[in-house]
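K.L.:
Sharing a structure, written as structure tokens. Questions coming.
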Number of protein chains: 2
Amino acid sequence: MKVAVMGYGTVGSGVVEVIETHEKSIKNRTAGEMLEVSHILDLRDFPDDPHADLFTKDFNDILNDPETKVVAETMGGVNPAFDFTMKLLEAGKSVVTSNKELVAQKGLELLKAAEKHGVNYLFEASVGGGIPIIRPMAQCLAANNIEGVAGILNGTTNFILTKMIEDGMTFEDALKLAQDNGYAEKDPTADIEGFDACRKVCILASLAFGKHVYPNQVRAEGITKITLEDVEYISSAHGVIKLLGQIKKIDDDKITAFVSPAVVFHGSQLASVNGVFNAILVRGDAVGDVCFYGAGAGKLPTASAVVADMVDCAVHVNRRKNFGWGPGSEDYVVDEKSALEMPFYVRAKATESEAVALFHNVKFLTRTGQPSDEVAFITDSMTENALDKKLAGVNVINKIKVTNY
Amino acid sequence: MKVAVMGYGTVGSGVVEVIETHEKSIKNRTAGEMLEVSHILDLRDFPDDPHADLFTKDFNDILNDPETKVVAETMGGVNPAFDFTMKLLEAGKSVVTSNKELVAQKGLELLKAAEKHGVNYLFEASVGGGIPIIRPMAQCLAANNIEGVAGILNGTTNFILTKMIEDGMTFEDALKLAQDNGYAEKDPTADIEGFDACRKVCILASLAFGKHVYPNQVRAEGITKITLEDVEYISSAHGVIKLLGQIKKIDDDKITAFVSPAVVFHGSQLASVNGVFNAILVRGDAVGDVCFYGAGAGKLPTASAVVADMVDCAVHVNRRKNFGWGPGSEDYVVDEKSALEMPFYVRAKATESEAVALFHNVKFLTRTGQPSDEVAFITDSMTENALDKKLAGVNVINKIKVTNY
């Protein structure tokens, strides 16, 4: 079967490589049919690439090729990826993607178009890189009411936090190291401010609870305010700080979904996820907690998920996979600050007796070189709004959510 | 769609419960069709059960009901489950199962029969309870050459080892506690001797590498020889002892597959899997390591996997899922003792200088109250046969494989 690849960057070139190097495993899944790359769309020139004869700068070459039935979109960004994908689906071609931004912003419209035209729009690679999560979650969904999802969804920030926790590096030094290693972009904003994780939360939330959640409905707080002092305090309580995307069902018509640093205690499967790895924990009423771990990014891991989706499309030509969701609404995602109760880590310029006076029951934390006018503690469970009210007159240095995953 | 359940034990009764309590999530996956239990086959009487009118002791009631298209086999054991399953497949009904013994012993014949009759034989619940592993692995396979698989596949032994490691309980006390908690049978042999894990290794190996592996081809060593002294020595090297099923590709025509205690170092995703939980790590050439974690047994987790398979059959009536494998052969699984090199933990009545004389480069371990004539160490990588040759004249107390997962 002829397939095309749009976008020959890290993931796209990996897709071509995986297709070429995994003929046997692909044929095992397709009952003998090979995927054959007919076109590679990219505006750049790759004069030394062995696939020179496959390159095109004209999208219509793919759109108008009746033999090309499956297309991998690995361009990233909403435009022109949305326009291209829509035209391909309308032309009766299946599309698979690693483009989390597009799925988070436009997934609903693209899934509806795929349904209307009897083709598939698959996006396993858009969350967790090579980790199988979209299908397993859809599978869990068949016999579970999902109660919540929590994930370490961004490898760059997890690498930085791991270096801070394990090697005592400052945030700035760890970010520099991530950039030197190619784990972080020159402009790291999307990673360190939590925007990348936010898009993945949207996709997981949409899938888990059946209604589209958009990035502007999900508060994203990054890791730039985390200091080594916070790391050390939390370590004294046998915990680590992770950037978590969390989704929780409130009732049949409401969820919360947010990205923030969170205290995870040792014993949680999420606490031992280190370096650039990702993990997604799904909590179902029948199955309990299941957790999926692996490389959340990278050329070949992500490409292998894209190619697995292409194989699935090849096997399911003229048959629909039943993944998707319906429309969301503005008031569907409620503010976790009022809807959720949880403990909080608080670090402040204050005394222990002031902390006790405000919160009654707290667990104090310690660090080396702790100034006499600084206090750090973990509160009982409460809403963040209630916490903020109590802290109104206090000189707070940092506060971090404590997760129950 | 009408479905039947054969075997109303823990899992079977859980299947009926999950079907009844998850109408909405099931309908979401089946485009609105409900699963309706038509028959429950069990030789026992359940006079107080609310499903009294559904019980039958006659298998033919299910076989001859043209409306019942999908059957869950949760009886366990090879007979009569094999005979019943074969007859159902031949009659054009899909069968799903949690019966690892049957899949490990007779999976090939049943998969072939399903293929021949255009129906499905699915077995997600046979490995890892509620953890989605069979489909995700099949999915990874599409774009990866699997290099190896390692899993904590038995919750009972993992519970016992966790109690030994974390609470310093003896093996005997921990086994007793497992029995008191209902995690271990009165006759715990199948768990503690590794036979249960062995069957799951057979299923995973058959799926990962495409040829049926039978239980008699997989060496199973249990945990009965593990002592608190071993636990403490290995703890001093930042490791834990886990009962692992391991499968490794040797070349295109050979694998190794075995169950044994293994030293897992902290930092591995398998090291933090505690209590009755299971985890399966799959190593692919493109995706790297992916790991799946969750409840490996229990009524509702396992039942949720069975029901998810039933839903999949209901969605795929008259369509085949492409899971399966071909025939194996006697010499396909080779002895890991000669085929694999790895480090070993050795504990012996000997001196450090004797250990160095035999192995040159070793890492010595320590424990409190270590007798002066006892030594424990970790060797360099070598085959177990080479190790045993070196240890021929030594008074060995215990030796344990060290895993590279």
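Each residue, glycine too, has its Cβ placed from N, Cα and C.
Automatic, uncurated: that is what TrEMBL annotation is.
Residues annotated as NADP(+) binding site in TrEMBL: B:Met6, B:Gly7, B:Tyr8, B:Gly9, B:Thr10, B:Val11, B:Gly12, B:Ser13. Among the features that TrEMBL reports, domain 'Aspartate/homoserine dehydrogenase NAD-binding' is placed at B:7-124. What TrEMBL lists as NADPH binding site is B:Lys100. Residues annotated as domain 'Homoserine dehydrogenase catalytic' in TrEMBL: B:132-311. Annotation comment: TrEMBL describes B:Glu185 as L-homoserine binding site. The active site, proton donor annotation in TrEMBL covers B:Lys200.
In terms of burial and nearby residues, how do these features look in this structure?
P.N.:
When secondary structure is read from DSSP and collapsed to three states, B:Gly9 (NADP(+) binding site) falls in the coil class. The Cβ of B:Gly9 (NADP(+) binding site) has B:Thr74, B:Met75, B:Gly76 as same-chain neighbours under 8 Å, each 6 or more residues away in sequence.
Counting every protein chain shown, the Cβ of B:Lys100 (NADPH binding site) has 25 other Cβ atoms within 10 Å. B:Lys100 (NADPH binding site) falls within a helix when secondary structure is assigned with DSSP.
Sequence-distant neighbours of B:Glu185 (L-homoserine binding site) (same chain, six or more apart, CB under 8 Å from its CB) are B:Gln179, B:Asp191, listed in sequence order.
There are 25 other CB atoms within 10 A of the CB of B:Lys200 (active site, proton donor), with all protein chains counted.
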K.L.:
Spatial neighbours of B:Lys200 (active site, proton donor) among the binding-site residues B:Met6, B:Gly7, B:Tyr8, B:Val11, B:Ser13, defined as Cα within 10 A: which are they?
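P.N.:
Among B:Met6, B:Gly7, B:Tyr8, B:Val11, B:Ser13, not one has a Cα sitting within 10 Å of that of B:Lys200 (active site, proton donor).
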K.L.:
Would you pick out, from the binding-site residues B:Met6, B:Val11, the residue whose Cβ has the largest number of other Cβ atoms within 10 Å?
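P.N.:
When each Cβ's neighbours within 10 Å are tallied, B:Val11 tops the list.
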K.L.:
I need the neighbours of the NADP(+) site defined by B:Met6, B:Gly7, B:Tyr8, B:Gly9, B:Thr10, B:Val11, B:Gly12, B:Ser13. Which other residues of that chain put their C-beta within 8 angstroms of the C-beta centroid, in sequence order?
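P.N.:
For the NADP(+) site, the extra neighbours are B:Val5, B:Gly14, B:Val15, B:Asp42, B:Thr74, B:Met75.
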K.L.:
For the domain 'Homoserine dehydrogenase catalytic' (B:132-311), what's the model's average pLDDT?
P.N.:
96
K.L.:
Fill in the CA-CA distance, B:Gly7 (NADP(+) binding site) to B:Lys100 (NADPH binding site), as an integer in Å.
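P.N.:
Pair distance, Cα basis, whole Å: 14 Å.
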K.L.:
Within 10 Å of the Cβ of B:Gly12 (NADP(+) binding site), how many other Cβ atoms are there?
P.N.:
25
K.L.:
From the Cα of B:Lys100 (NADPH binding site) across to the Cα of B:Ser13 (NADP(+) binding site), what is the distance in angstrom?
P.N.:
18
K.L.:
Across all chains shown, how many C-beta atoms besides its own are within 10 angstroms of the C-beta of B:Thr10 (NADP(+) binding site)?
P.N.:
18
